[in-house]
C-alpha cells in the first residue's frame, strides 16, 4: 500500500490509470436513484413488522396444537419457561419472593402516602401488576410494584387538578384513570413498535432527573418525619423549605422526629452491614419490616399516638376491589389526564427498561423491548381495573431480588401472594405504625436514586450530556417534575441541532506515506498539498442554518491564504488553484445548501479557482444531480481525494 | 493505484507493511486532545472579531487623518465610493432614482394604509431610512422603504394590542416603539456578528411565507377594492372571506370596484409590455403614478367621492416630524412589543439580505452581511425618531432600480429627495385619490412575491424543504403570520433532528479494483467481503435517540446473516468473524452512544465476533478513549477499512 501511496503522492504526476478512474466517476454519477423519504418510511415500517409476519407465516405450516402453543408462548413467555421449571429453582424464587415482600410491604405503604392515596392502594399495586407481569414479561429479575418517582409524579401533577385532602374520592378516580391511560400508552408503544420513544429521555437526563426527584421526594418526607400538618402542595425546594421553616416555628412533634431518625439510622446501618458482608444481603432487605414491627409495638405499648405521634390508623384489608366503574372519562380534566398519563407512561417505561436491561446484561440475555412495553402496559391497564395505581420495575427492589438469587419471574408471584396474604390478615396490625417510620423507609431508599459516580463519568466524557443532566436536576428541584423532564429533553435535542448544524470547516492534509487525507488538527503530521485547499464541512448537514456561513468561511480562508502567500513568498505557483470539498461526512444537503454551493462555485470562478467535489453520499449526489449542480462544475466529482487531485493536476500540468 | 488495490484486495493476505500500519493506528490513538466545547466557543467568538481587531491594529501605524478616514470609510461606506463618483454615474442614478420615486410614492401610501397608519407615514418612511442606508449600506441596488410583508406584520400583530380605529395615537406610538426595537435588534445582530440568526429562516420557508403573505395582503385589499367599511381584524383567509361575504350582501360600492379593477388591469398590462420589451422597463415603473394621477383627476372631475367612492382625503404635508417623544417604554405591552420587534427585525433583515445578495451576485460583488444589518438597524432606529415605521429593502422596487440602471446608493438619495419634495408640495393634490387605486397598486405588486417556479424546484430537490414551505404557506394563510413563521422554523429544525438521529445502518462493500469501501446500495457493483460485516451508521450522531436501535439492528443483522448462511450453504467458513464499524461520518457520540457500543461489544463477544472500529473523528476517538472503550476492544482502531481487514485477517490466518 505504501508503494502505491508514494507513487501517487507526487501530485503533479499524471493519473496512472485514467480509464479506471473515469469509470469510477461514472459509477458515482450514474448510481441508482435513492429511495424517496416516503419509500424509506414504508420500508422502515415494513421491516419493523416483518419479523412478526415471518413468524406467523412459518407457524401456518405447523399442526394446530403446536400453533396455539407457539402463539401462547409469544404472548405469555411464562408458558415457555414454565415447562422447564424445577423445584430447586422454586426454592430460590420462594426465598427471593419472601425477601422482596418484606421490603415491598412497608415501601408500598410509604409510596402510596407519597402518591397521596390511602395506604392500602400501595399494597393493591403490589398484588395484581406483579402477577400480570409474571405472565407476560421477559425479564427474570425485575421487581414490579409502586415506585418512588412515579408516585411523586402522580401526586405532584394530579393534585393540581383535584385536591386529595378535600375530595379524596375524586382524586382516587383521577389516579386510576391516569393509570389506565398510562397503561394504554405503554401497551401501544409496544404493539406499534414505538419503543424508540423511550430513548428520547437520554441516559444523562435520567440520571439528573432521578437525582432531582430523589431530593424532592426526600423533602416531601420532612412532613412525616417532623409531624407537620400544614404543608405545601408544591414540590420545588424553595416552597418546601419555606413551608418546613414556617411549620417548625409553630408546631412540630419532637417525639415523631426522634422516632423517625432513630429507625432511619437503623435501616442505614443494616444497609452498611449488608454491603460489607454480601451474605447478609437479607438484613437490609428485611430491616424496614423490622422497623415497622418494632415501632408499631413501641407506639402501641407507650400510647405515643396520644402524645402527638401520628400513626397510619385504619387500613382497609381484603383483596383489591374492582374499580372499573371508578374510571372517569367524562371528567373536564380528560385532556390533562391523557397528557399526564403519557408522561407517566414514558417515565415508568424508562425506569423499568433501564432496570431490566442492566440486570439482563449481567445474566447475559437480551430483553425484548417491545414485549416488555406490552407487558407493562397490560399490567397497568388491568391494574387500573383493580384499584392499582401506576406500577413499574423498581431499582432498589430489583437489586434485592437479584441479590436474593431469584431465578425467574416466579419470585414476583411469590411476592404478590405474600402481599395478598398480608392484605387479608395483617392490615389491622398496622393501626399503630407511626407515619414517621414510613417516611424514614422512603428516605432510606433514596440514596440509590442519586448516582454521583455516573454524573462524574458523564461530566468527564461529554460536557453537553452533563448539561442535560444538570438541567433535569435543577429543573426538578427548583421548578417542577414536568419542567425538569422538559428541560432535559429540550437540552438533549438542542445539542443534536447544535452539533448537526455547527458551522465551520476543517482542512485536510495527506497522511505521510499514504493516500489517506485527514483533518490537519487531529493529525498534526499530515501534510497540506500546495495549491489545493481540501476541506470538509464540520457538521453532517449543509443546510439553511450553516450553508452561507460555510460559504463565507471558505472564501475568507482562500483570501487569507493568498495574502499569507504574498507576504511570505512571492511565488506565483503557490496560488490556490483548486478547492476540494470532501463530502464523505455529509448526510444530506437542502436547497439552501445547494444554493450556497452554487454561489461558492460562482465566487471561486471569478478568482480563477475550480471547485471539485469528492465522495458525496447517495442522497447528496442525487440532489446535486437534480439541481444540475454537477453539470455546473463540469462533472468534477470523484470518489476519493487522491483521484480528485490526480485528475486536477493531470488536466492542468 | 489499481495495482496496489489489486495487491491488497485479497483480504487474507498478510498486511504488507505491518510496521507502518501500527504507526498509523498509533497516530490515531495518540492524537492531541481536541478543544473542549468552551474553548471552541471562545475561539469562534475570537475569530469573529479578529478581522476587525486586526484592521484596527494596522490602523495605528498610519497618520491621524488617514486613520480617521479609514474608520469613517469602515462605518460609512459612502466615503469610499463617493470619491470615485463621476457625473455619468450620477446621470444613471438620477434616472433610476426618479423612476424609483414614481413607483415609491403610491406604493408607500398604500403600504401605510396596509399598516393601518395615516398615508403620510409611508412617505416619511421613504425619506429618512433611504438616506441613512445610502450612508452606511454596502449594497448598490437595494431600494429602501416600506414593504408589503412588514406592513402586514405590523398591522396584524399590533392591532391586537391597540385598535388603530379607536386609538390611532396610541397605535402610532406602538408602531414607532416597535420600529425602534426592531432597529435595535438588527443593529445588535450586526455588531455582535449574530448574522447567522437570519439564516434560521430557511430559503424554502421564506418562499412559502412570502407566498402566503402575498395572498393575505391581497385579501386585505378587497376591503379597499370593494369599498367595504366593516372589516375583520383577523388576517386568516377564512375570517377575511367570511367578512367579505357578509359585507357584499349588505353594502359595497360597484363604482369603486370597477375603478380599482380597471386601473389594476392597466398596471398589469404595462407590466406585461415591460417584460416583452426590456427597453420599456420604465413603463410598469411609472404606471402606478399614472394610475394615481388619472384616477385622482377622474374623481375630481366626476365628483365620484360624493357617490360612495372613498378617497384618501387629507394627507399631512411637510417634512417628517420628530417623534422621539412618541416612543413609549412605560406601556404595559412592552414585553409584546419587544417580541414583535424581534420578529419584524428578522423578517425585514431576511428580505433585505436576500434581495441585496441576489443583485450583488448578478453584479459580481459580495455584501458584508454584518455591515448590512448595522446599516438597516441604524436606519430603523433613526427612522423611529422621525415618524418612520419599519423599512427594509423591497423586492419589487430593487428590481426596478436595477433595471433602471442605478450605479450606487445615490439612487436612494435621489428617491428620498424626490419623495421629500412630494411631501412638501404635492400632498394636497392627493385629496381625491381613490383608495381603490392604492389597493390595486398593492395588488399589482403581489405576484412578484409568489414564486411558483421556485416552489416546484424545491419540491423536485428536497421534499422536506417543500414541507417547510407548505407549512409556512398554510400557516400564514389559515392561522396567522406569526404561526406561519413558527411552523416553518419548527419544520426546518425537526428535519435537522430527524436526519441527524435517523436510525439505521448501511453495509459497505469493496469497490471492484480498489481499496475503497462504499455503500452497497449506492454502488451495486461493490463486493461484500466474506466473514466480515462492514457497516456505517446512517446518521451523524450515535446518541441517546438512536444508539440502542442501531445496536439492536446490528445484532439482528448478524443473526439473519448467520441464518441465511446456514440455509444456503452449510459452510463453516462463511460465519461472520468481524464486525467493522466505519465511524468516518460520525460527528459525535454521547454517553448513551458509548454505552450502546459497550453493550454491542459484549453481545458480539458472546457469539464469538470481534468489533473493530475505523476512522473515528477527533471528538469521537477522544470520548472513546475517555470512556476506556478503546481498551475494551483491545485497541482495534484503524485508519481505513482496508487496514482493519488486513490486521484482522493477518491475526486470524
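Backbone N, Cα and C define each Cβ position, glycine as well.
Features of the protein shown, as given by TrEMBL:
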type: DOMAIN; residues: A:542-648; note: domain 'STAS'
type: TRANSMEM; residues: A:142-162; note: transmembrane segment
type: TRANSMEM; residues: A:174-194; note: transmembrane segment
type: TRANSMEM; residues: A:200-219; note: transmembrane segment
type: TRANSMEM; residues: A:257-274; note: transmembrane segment
type: TRANSMEM; residues: A:281-301; note: transmembrane segment
type: TRANSMEM; residues: A:337-360; note: transmembrane segment
type: TRANSMEM; residues: A:372-392; note: transmembrane segment
type: TRANSMEM; residues: A:398-422; note: transmembrane segment
type: TRANSMEM; residues: A:429-446; note: transmembrane segment
type: TRANSMEM; residues: A:466-493; note: transmembrane segment
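Between the transmembrane segment (A:174-194) and the stretches A:281-301, A:337-360, A:372-392, A:398-422, A:429-446, Cβ pairs under 8 Å are most numerous for A:372-392.
Most Cβ pairs under 8 Å to the transmembrane segment (A:142-162), among the stretches A:281-301, A:398-422, A:466-493, belong to A:398-422. By number of Cβ pairs under 8 Å, the transmembrane segment (A:200-219) is matched best by A:337-360 from the list A:257-274, A:337-360, A:398-422. Contact between the transmembrane segment (A:257-274) and the transmembrane segment (A:429-446) is present: at least three CB pairs lie under 8 Å, with pairs separated by 6 or more positions in sequence. A contact between the transmembrane segment (A:281-301) and the transmembrane segment (A:372-392) is absent, since fewer than 3 of their C-beta pairs, 6 or more residues apart, lie under 8 Å.
Using a Cβ-Cβ cut-off under 8 Å and counting only residues 6 or more beyond its ends in the same chain, the transmembrane segment (A:372-392) has close neighbours at 112, 115, 117, 121, 124-130, 132-133, 135-139, 144-147, 150-151, 154, 175-180, 182-191, 195, 198, 320-324, 326-327, 344-345, 348-349, 351-353, 356. For the domain 'STAS' (A:542-648), the number of residues in each DSSP class (helix H, G, I; strand E, B; coil) is 62 helix, 15 strand, 30 coil. Averaged over the domain 'STAS' (A:542-648), the predicted model has a pLDDT of 82.
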